[in-house]
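Some notes on the structure that comes next.
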Amino acid sequence: MPVTRSRSKNSSEELVEPILTPTKSWSRSKLENSVIRNGPLGPVPEVSTPKTNGRTNGHSNGVEKSSKKRGKKEAPSPSSSQPVVVEDEPTREEVRLEPAPEDSTTYDDPEILRKFLEEEDVEKMFECLSQMEFLPEWFIAGCVNVASSCLQSDIPSTPSQNGPSFNQTKTPEAARNLLSNLLQRAFNHRKLLKELRKLLFGKVLTFSRYIVIEVDDEKHLRISPEVIAWISILIESHFADWVMTEDSQTILFRLNILINDEIAHMTLREEIQGQLKGLIDASKKFDETLTEDLRYWHSVIEF
């Protein structure tokens, strides 16, 4: 180890101070950095610190920028006197649809319609027919069955020709309204024919008697294409019973008269409409000739 000598100003004694020289080719700066980084006992784990960009007051600059972009308000510091209220944002699970009001009743469910038929609730069936434009044919046939059962004891087997022959005060009003509504509805002929064949002939006969009685009383029922379609399908559904049963001969004869009368009225109506159309065309031609004559005489007078 080399030794350097130096003299002090006050004394003549020589002081010997050892000078340390590193054996390896490390510089002083590299050696200090290694000791600071690793420590005397090994490498020190690094601690991640947020980048403040030189600012240490309150929140960092990066957090402030992100909060401004999101548009959220920062919560007040705990040192403030006002209480901190943190409102939770509603999650997707918390958003629920409000239930439908109890008053809104829909009759498009087949189970509900079958329940009305099983309970023979005539008022509910009439409400269905009034509100729903399209109903299945099996439900229409069920309404015929239930309403005919209600009127079977009040409608006589041989209606008179002088108007309604059953006591209207005794007959259930709901059943009469139900059948009247049925006679005004259109239907699928093939599907309803299949369902009417499942009914007893007595129910079909009762409905036919009701039609005859209502048609005789012009105030209640008017012969329309829907009524003619109902008469046709009622006869077609149980044609053999109509021919073989003696009680049905009178009703069948009356239904035939009603249809023939309606056909005659339709023919007469077509003839009247044709005559009216001819009169209208003739009046138009007369107006044209009259206009031409007026123009001619005006030109003569001016000349």
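Placed from the backbone N, Cα and C atoms, the Cβ positions cover glycine too.
Sequence annotations record features per position, and here TrEMBL assigns region 'Disordered' to 1-107. Annotated compositional bias 'Polar residues' per TrEMBL: 49-64, in sequence order. The compositional bias 'Low complexity' feature in TrEMBL is assigned to 76-85. Taken from TrEMBL, the feature domain 'Nucleolar protein 11 C-terminal' covers 110-249.
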With helix taken as DSSP H, G or I, strand as E or B and everything else coil, how many residues of the domain 'Nucleolar protein 11 C-terminal' (110-249) land in each class? 90 helix, 0 strand, 50 coil
Taking every residue in the domain 'Nucleolar protein 11 C-terminal' (110-249), what is their average pLDDT? 81
